Structure formats: C-alpha cells, structure tokens
Ligand SMILES: C[S@@+](CC[C@H](N)C(=O)[O-])C[C@H]1O[C@@H](n2cnc3c(N)ncnc32)[C@H](O)[C@@H]1O
C-alpha cells in the first residue's frame, strides 16, 4: 500500500489511540518497533490465528471456544464491532482472544513480526464490485506477498466470498503467486464443520453461492 506521510500518520493515530480500551486490546506504541503477538496471549496458547475483518466476532468466538489452546488475534476497524465481540468474549470467559483496531491493509509489512500465524482467516472482505474501486480490494498481489511473510511455514490462508468475480480474480492471483501459496483444490463451495457468521448465513439464505479458497504457504528456500 503506497502511503503519503499524512495517511500514514492518520492510520498510525487510529491504531495507537483508539477510544476502545481493554486488557484484551493490543495497541501499537512505538513507531518502527515490530509486534510479537505471542507476548500478549496466556502461556497455554501454543499457536496463533489471525482474522482480518472479524466483524461482530461470531466466527472467532466459536473457534476460540472450540480451541482453547489457540490464540485468535482479530483485526477490525469498526470499534462498535470490536466492542460487541468483547462483550461475547467476556460472557464466555474466553482468554484466547485479542484485538487490534486498525486498517489491516497497511499493517503487516511495517508492524508485525514474520512467521507468526498458523492460519489467517479472511471471511467476506468488502468486494468493491466496480472496476474503478478494485484498488481498494484486500486481495491484491502486494497484500498477499506481505501476508505470506507473517504466516508460518506450512501455515494456511482461508478466504471466503459470496462474490463470484472476486473469487475468480483471487484464484487467478493465487495461480500467479504459486511460488508463495499452493492449494490442492482451487475452490470449494462448502466448508463443513466451520462456524458461520450472521453475514454468511444471510448470504446463504439469499441463495448465494459461497466460494471458499484454502491455500498453504510455500516457503522459498533461504527466506526470512
Ligand atoms: C462484510 S464484513 C464481514 C465480517 C465477518 N468477517 C463475517 O464474515 O461476518 C467485512 C468486515 O471487514 C472490516 N474491514 C474492511 N476493511 C477493513 C480494513 N481495511 N481494516 C480493518 N477492517 C476492515 C469491516 O469493518 C467489516 O467488519
């Protein structure tokens, strides 16, 4: 993401000075200092998942309940959605969820340590259907390259969308990036035994086809 100094300052300010305060929030503090997310989770947490655009948190809450030894880092820019997720986390007494309130398109290359996450989950990112808005889409080659760096060797990237053209563009992108990500199936239309958010459920009830993409990180020799 190419940033002017003004936009960079704005994004930094948003990530470092959010109105939401909680012991479960990870806040960036020092410019240039990379974050090691493991440090923010209890010692019994042995692996980390990252969810980008966690929305109201239904999926992460169910996963965190099912896998108490996995830590779930949720990135979401809408504070009301983080607050709603935090309410659910507290009611269930889950200790394996943390939040970051930031614009994740900018975040990775500058602030996150490499090879941190065993799974990255991207469910229903905004599809930006008009061609003139495609530049705002999350799934871009530069973004996927940055994402590759923060995924552990053999770690997974799970992506879901109900928007066919976005799914097809992403599949083509993964074909081009086959030195970074591989998958045994290009696309699936079911994802059994996986939690479903309110948003996903709505799309299913409307009769929309859901495209699920799963890729595994390819680790180039001598990298990182
Ligand atoms: C369509 S919703 C899907 C939410 C959730 N993943 C689900 O499946 O129900 C997309 C979410 O991504 C968040 N989002 C979009 N762009 C973002 C960005 N650049 N940084 C952080 N969050 C973002 C939105 O605020 C919204 O909650």
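Just so you know, glycine gets a Cβ as well, placed from its N, Cα and C.
Where the annotation comes from TrEMBL, it is an automatic prediction and has not been curated.
Keep in mind it's a predicted model, so treat the numbers as computed, not measured.
Per TrEMBL, S-adenosyl-L-methionine binding site is recorded for 51, 76, 103, 126. Residues annotated as substrate binding site in TrEMBL: 130, 162.
On the structure: features taken from TrEMBL.
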| residue | record | Cβ within 10 Å |
| --- | --- | --- |
| 51 | S-adenosyl-L-methionine binding site | 25 |
| 76 | S-adenosyl-L-methionine binding site | 22 |
| 103 | S-adenosyl-L-methionine binding site | 14 |
| 126 | S-adenosyl-L-methionine binding site | 13 |
| 130 | substrate binding site | 8 |
| 162 | substrate binding site | 18 |
Taking the recorded S-adenosyl-L-methionine site as 51, 76, 103, 126, identify the other residues of that chain whose CB atom sits within 8 Å of the mean position of the site's CB atoms, giving them in sequence order.
52, 53, 54, 55, 75, 77, 78, 104, 125
Between residue 76 (S-adenosyl-L-methionine binding site) and residue 162 (substrate binding site), how far is it from one CA atom to the other, in Å?
20
So which of the binding-site residues 51, 76, 103, 126, 130, 162 sit close to ligand 1, that is, with a CB under 6 Å from an atom of it?
76, 103, 126
May I ask for the distance between residue 130 (substrate binding site) and residue 103 (S-adenosyl-L-methionine binding site), taken between their Cα atoms and rounded to an integer number of Å?
21
Distance [Cα-Cα, Å, rounded] between residue 126 (S-adenosyl-L-methionine binding site) and residue 162 (substrate binding site):
10
